[in-house]
Amino acid sequence: MVAISSMAHKLLNYVPFLLVLIDLRYEGVKGGKDGGVENHLEMGKKLLAAGQLADALSHFHAAVDGDPKNYMVYYRRATVYLAMGKSKSALPDLSKVIELKPDFTSARLQRGNLLLKHGKLDEAESDFKKVLKSNPSSREEQEAQSQLKKSDEIQRLVGQAQSDFNRRDYSSAVPHLDIIIDTCVWDADSREMRAECFIQLGEMGKAISDLKAASKLKSDNTQAFYKLSTIYYNLGDHEMSLNEVRECLKLDPDHKQCFSHYKQVKKLNKQIQAAEELIQQQMYSDAISKYESVMKTEPNVPQFILNAKERMCHCLSKDQQTPKAISVCSEVLKANPQNVNALKDRAEAYLQDDQYEEAIKDFESAKEHSENDRQIKEGLERAQRLLKQSQKRDYYKILGVKRTAQKKEILKAYRKLAQQWHPDNFQDAEEKKKAEKKFIDIAQAKEVLTNPEMRSKFDQGEDPMDPESQQGGGHHHHHFRGGWDNFNPFGSGPFNFKFNFN
């Protein structure tokens with residue numbers, strides 16, 4: 001009994017709410033549907049005025065559901081669609097308005113304008129003519145006449161552009177299509193025709209712009225995505241090519257052209273990515289091999305060949321394969337003299353080959369095309385220092401080794417020359433004097449080139465044995481005071497030569 005009383009008490013608490021719901025339902029029957037639709041229309045108008053388009057659209061959706069025979073709810077929703085830039089969605093609503101209220105001149109005029117922008121000229125002209133026959137206001141009449149005249153002119157230009165295109169007179173077709181597209185901004189067909197003209201004229205950037213617009217204006221436009229992918233491919237942009245062909249296959253997984261092209265681009269993309277990873281790991285020889293594979297995979301697109309050679313030029317320079325680096329970089333620069341990367345890499349190769357003046361020329365050319373590149377500025381300064389240094393004393397030349405020589409090669413050369421030029425080997429006073437100078441140079445060269453810190457300074461164009469070249473001074477005291485004071489040229493070597501002054 002206690003439980004029943006408790007339950008009854010709870011039900012009694014809900015009675016007022018039930019009565020309110022019954023009352024509201026009764027009000028709905030009386031004032032009904034129209035009251036709800038009017039509320040949605042009013043709220044939608046307020047939200048539209050406040051710029052809250054998505055919320056306004058929700059209310060107009062509800063209004064359409066509530067009263068599908070009310071032409072005004074469709075008109076209001078079309079207004080929101082236009083404010084959101086969704087002209088395709090606005091067109092069916094305006095058509096519904098005209099179906100429900102054929103004498104709604106403003107809606108017909110608005111639809112005519114949209115149809116004109118979409119390039120549907122015959123339908124647009126039909127709307128403008130009906131507006132003129134429907135007792136329009138003076139403003140509507142003036143606008144309809146103006147748009148009808150414009151549509152007639154566009155019709156003429158379309159015929160002319162098509163004629164030029166069919167005759168392959170692409171340069172004449174483009175100006176006509178420019179005027180057409182200025183008016184028919186959402187006409188995918190005109191953009192596709194102009195894109196094809198640009199392709200034939202070699203203006204790929206403009207073709208890409210038109211095809212991107214066409215891919216959005218026309219649903220399921222697989223052909224636009226395929227063309228975009230092939231353009232990017234021929235420009236040597238494998239990543240963008242892959243992105244566009246994937247968009248094509250999203251729309252149609254069985255598209256033959258796109259699928260075939262996708263397999264080729266994917267293979268090439270994989271090889272290039274692998275090569276770049278090897279470069280990051282400083283595995284330059286392997287990266288060169290991988291880029292040679294890229295050229296075999298796609299031998300018919302010049303830009304991929306050029307791109308591959310540019311990266312090979314970089315790898316060869318980094319790997320200190322100097323003659324090959326200079327040769328490959330020169331091939332790239334023959335095709336594109338303004339290629340900054342190839343200029344920098346060839347300059348570095350020239351430095352490795354002691355061709356300082358050639359390196360300076362390349363760095364200066366690179367600087368003309370990329371003024372703010374810190375790497376170029378530092379490279380140019382280094383090349384200038386090395387040129388100045390080469391006119392004084394070159395430790396590599398003294399020992400007869402390359403700048404890329406390892407410590408083992410340096411010591412071997414040093415031992416051979418030290419034995420050859422030891423002053424004790426010479427009896428004639430003049431020859432002994434000459435040998436002493438030569439012997440000191442050999443010993444200094446060995447000391448500099450076997451000391452990593454000193455060698456690095458020398459490679460940057462600074463002579464650690466010359467106090468005048470010590471920027472800031474006092475860094476090292478390896479220079480000779482009075483010739484032989486406190487100097488043991490074989491102190492760290494395996495030989496112990498007897499040396500006597502006469």
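Every residue gets a Cβ built from N, Cα and C, even glycine.
TrEMBL labels come from automatic prediction, so no person has curated them.
TrEMBL lists 1-31 with the feature signal peptide.
TrEMBL lists 37-70 (among others) with the feature repeat 'TPR'. For the repeat 'TPR' (37-70), residue counts in helix, strand and coil come to 27 helix, 0 strand, 7 coil, using DSSP.
Residues 37, 40-41, 44-45, 48, 53, 56-57, 60-61, 63-64, 110-111, 114-115, 117-118, 134, 186 of the same chain sit 6 or more residues outside the repeat 'TPR' (71-104) yet have a Cβ under 8 Å from a Cβ within it. For 71-104 (among others), the entry in TrEMBL reads repeat 'TPR'.
The repeat 'TPR' annotation in TrEMBL covers 105-138 (among others). Distant neighbours of the repeat 'TPR' (105-138): 71, 75, 78, 87, 90-91, 94-95, 97-98, 144-145, 147-148, 150-152, 154-155, 158, 180, 183-190; these residues of the same chain sit at least 6 beyond its ends, with a Cβ under 8 Å from one of its Cβ atoms.
Per TrEMBL, the feature region 'Disordered' maps to 131-153 (among others).
The repeat 'TPR' feature in TrEMBL is assigned to 222-255 (among others). Taken as a whole, the repeat 'TPR' (222-255) shows an average pLDDT of 96 in this prediction.
Mapped onto DSSP helix, strand and coil, the repeat 'TPR' (340-373) counts 27 helix, 0 strand, 7 coil. Summarising the annotation, TrEMBL assigns repeat 'TPR' to 340-373 (among others).
Residues or ranges marked as domain 'J' in TrEMBL: 394-462.
For 456-481 (among others), the entry in TrEMBL reads region 'Disordered'.
Taking H, G and I as helix, E and B as strand and the rest as coil, DSSP gives the repeat 'TPR' (222-255) the counts 27 helix, 0 strand, 7 coil.
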